[in-house]
Amino acid sequence: MDAAQPAGSEVKVSVIIAKWFDTERITHSIKTAIACMIGFLLANIVGFPTASQWIVVSIIVVMCAQIYVGGMMQKAYLRFLGTIVGCLFAIIALTSAGDTDLVIMITLALSSFIFSYLATGQESMSYAGTLGAATTAIIMLGNPPTLLTAGARFMEISIGILIAALVSQFVLPIHARTHLRRTQAATLSQLRDFYKNLMTSFTSSSEAMQYEELDDSIVKSISRQRLLAKEALRERVGALFDPKHFVHSLYCEREMLRAIDFMHHALVNIKDARDLFTQSAALHTLNDTIIQSLDTIIQTIEAGTATPGHIHIPSIDPLREDIQKSVSTPTREQQIYINGFLFSAEVLLHSLSKLAMLYQVPVFTVSEAPETVKKET
C-alpha cells in the first residue's frame, strides 16, 4: 500500500497541473502582458494625458478572454466599430448643440436607447452596441466634454486595438483552425468509443442509460466545432480554412451519431438480438471494420496530412442473412426494427466512406467474396 501511495500522489499532482497550468493559456496570458507593456510604453511616447489608461484598457478588453486569433480579430473589429460610432454620436451632439447639462443628459439617454437596442439584437452587434454606448458616455462625461477629448479617445482606443491585433496575430499565434482539427479528432474518438460500448456487447435499454453522458459529450463536441469554425473563418493569415470541407465533415459526424443511436435502439428491440452479438460473424466483422476505419481517420486528422492508411467498407448482405437466420419469424414491429437497423448500418458506412475521402484516406469496398477488393471512386 505504501509503495502505491506515491504513484497515486503523482497522478493527482499531474491532474492538478494539467487543469490549472494549460500551456496555451499561459502563452496567451504572456501575449496579453506583452501587449499591455507595449501599449504603456507607446502611450508615454504619444504624450496624451490619459493615453496609457485607455490604450492599456482597450488591449485588455480585446485580448483578455480571446485566446484564438480569429476571436480576437472579431472582437477588435467590433470594438473599433463601437468606438467610431460612439465618437461620431458624441461629436455630432457637441458640434450641433454644445456641452450644456441638458445636451449631455439628452445625448446620454438617446445613445443609451439606440445602442442598447442594437446590443440586444444580433449576436455580432451586441459587443459593438455596448462599446458604442460606453464610448459616448466616456466622452460626454469628460470634464469638460470637447472635440479634442473625443478625438483623443478615438486615437487611444484605436491604438490599443491595433496593438492587440498585431500581438495576437504575429506573437506566438494560437489559431482556432488548429484546435478545430484536434476537436474533430476528439469527436471521432468519442464516436468510436460510443460505438464500442453500444455495439460490441449486448445491453438492455436500462443498462444503456450509462452511455447517455457520452452521447451528450459528443453533441457538445460537435457544437464546439461550430464555434471554432466561426473563429477559424476569420483567420486570414496562414493556411486558409475551408468552410465547405468543414460542413461536409460535420454532416458526416452527425449522420454517424444518429446511425449508431438507432442501430443500438433497433437491436435492443429485436427478438433474439443477444444471439446476434454472440454468434454473428458478420456483425463482428462490421464492428471491427468500423472501429479500425475510425482509428485510421483519427490518425490522419491528428497528423494533418494524408497517411498511408486506408479503410475497407464491407457489404451489409452477410449481416442481413445472419439476422434472418437469428430471427426466423419476426413480427411486423420487429421487421421494422430490422430494416431500420440495416438502413442505419448502411448510412453509417456511407458516412464513414465520405468522411475518409474528405481527408484523402483511400476507401475500398469489399464484396461478399473475401478475395474481391475494389477501390471506391
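A Cβ is built for glycine as well, from the same backbone N, Cα and C atoms used for every other residue.
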Out of 126-142, 347-363, which range is noted as transmembrane segment by TrEMBL?
126-142
Find the member of 29-46, 52-69, 76-96, 102-119 that has more C-beta pairs under 8 Å to the transmembrane segment (154-172) than any other listed stretch.
52-69
